[in-house]
Amino acid sequence: MKTLTELHFDNRFARLGDVFSTEVTPQPLEQPRLVVASEAAMSLLDLDPPVAEDPLFTELFSGHKLWSTAEPRAMVYSGHQFGSYNPQLGDGRGLLLGEVVNEKGQYWDLHLKGAGMTPYSRMGDGRAVLRSSIREFLASEHLHALGIPSSRALCVTSSDTTVYRERPERGAMLMRLSPSHVRFGHFEFFYYTKQHDELKQLLDHVVESHFAECLEHPEPYHSFFREVLERTAEMVARWQAYGFCHGVMNTDNMSILGITFDFGPYAFLDDFDARFICNHSDHAGRYSYENQVPIAHWNLAALAQALTPFIAIEQLRGTMDLFLPIYEAAWLDLMRKRLGLDTAEENDKELVQRLLQLMQGSAIDYTRFFRELGNSPAKQAVARLRDDFVDIKAFDDWAGSYCERVDREGEDQQARRQRMHAVNPKYILRNYLAQQAIEAAESGDYGPVRELHAVLSHPFDEQPGMDRYAERPPEWGKHLEISCSS
Ligand code: AMP
Ligand code: MG
């Protein structure tokens, strides 16, 4: 374990030089205080939980103090936003403070979001508000606990500084961790500005630092693209299987590591609805739940375009064609597990699709359905669940096929339940739960956000006394309009 001042920095990205990022000093907020910290994320930096109580923790992770070996910088990138190319983006309000190497030799970028204006702030104020910082904190740590690859969050700090959005709000900062903050949009920036030497330098940096196994391959760049595509397909498969909607899948919000990145108006499905749109400014539904799969593919094509100076187009095309099969296999594998099926049969995909079609329009709570399905033996479980379906006859047909399928698995209920509960969360981050915790935090009570974070860090476990977090959302809670401004 380390003390706060012992963090060891090795700032590889900063060393790439001024073409890739610009030195910027964090601009602290007034009277910072710790809202919530993640013990699991602290352990990635070899920090013991009590360290969070040290005032120095808050000072360091809110930009009031800086390690002498940190090198805060704003990265440049661009990207496709809602399908249109925006040639100039970049860290407008977040700073890469440096890369910390932990005792295992793993690198973790410290990225302070809300640290003030940078050369890339455009019309923005360089700030983040408490509401959106808490939302990103809760989601990143919860996704990780669900087994969905994600950037991580160390802590949120609040302040007395007022930040203006649709209303005056509290300024806050989020300390984000990720092995890399390189996005698809980084590659697009150097490709479209025709800086191909720098593009190659970026590519080499990313491959050497984060995809070293590709160097063993006769064509490392091609192998790298394939790896990014695979990871992205598997990430989206997990989003779909657990009902996570990202909301702003612009290429500047796509991590090159294939992890969930940059949280805005995201939402988990309450009632299953394939056409659900969580982003209220997404009028065309470009980033609806069901579109996340083709959009991930589209975003990979945008990345592929930026790699054309180094990888043959035929190779890129061939790899792009692997996306859907990889996605489908990963999704089906997870959905089988969610249904408690350990073996694979030919008609499994149809079985899952029939179920989702029945859920559509029946106001079936997507998370609770699977948990309840595992709670009791299959025949009893479907008998209990059937009344919620609009088309009961079609559900009975499905339930018949399902129970036969479960019988063929030949497993006792105790084992089935255990296996299903290990993949079907009891607790999911519902928007209304986040909203309640945010409202308390805005009035200075951090208890609810800390408790919610603790519950969501163990989403598969029964947690005595916490059942209210697992209930169906109230009607108002299903229709919250989450502001896009953050
Ligand atoms: P986002 O929609 O949060 O992914 O951000 C898109 C771009 O806008 C990125 O370049 C951000 O850094 C920038 N940005 C978002 N909010 C602000 C803000 N309040 N101040 C400055 N830049 C911002
Ligand atoms: Mg972004």
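Every residue gets a Cβ built from N, Cα and C, even glycine.
When other Cβ atoms within 10 Å of the Cβ of ASP125 (ATP binding site) are tallied across all protein chains shown, the result is 15. Secondary structure at ASP125 (ATP binding site), taken from DSSP and collapsed to helix, strand or coil, is coil. The ATP binding site annotation in TrEMBL covers GLY90, GLY92, ARG93, LYS113, ASP125, GLY126, ARG176, ARG183, ASP262.
Under the heading active site, proton acceptor, TrEMBL lists ASP252. According to DSSP, ASP252 (active site, proton acceptor) sits within a helical segment.
When secondary structure is read from DSSP and collapsed to three states, ASP262 (ATP binding site) falls in the coil class. Residues annotated as Mg(2+) binding site in TrEMBL: ASN253, ASP262.
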Among GLY90, GLY92, ARG93, LYS113, ASP125, GLY126, ARG176, ARG183, ASP262, listed as contacts of ATP, what is the widest Cα spread in Å, to the nearest whole number?
22
So which binding-site residues are near ASN253 (Mg(2+) binding site), with CA atoms within 10 Å, out of GLY90, ARG93, ARG176, ASP262?
ASP262
Write out the long-range same-chain contacts of ASP262 (ATP binding site), meaning residues 6 or more apart in sequence whose Cβ is under 8 Å from its Cβ.
SER151, VAL248, ASP252, ASN253
Which of these binding-site residues (GLY90, ARG93, ASP125, ARG176) have a C-beta closer than 6 Å to some atom of ligand 2?
none
Going by DSSP, is ARG93 (ATP binding site) part of a helix, a strand, or coil?
coil
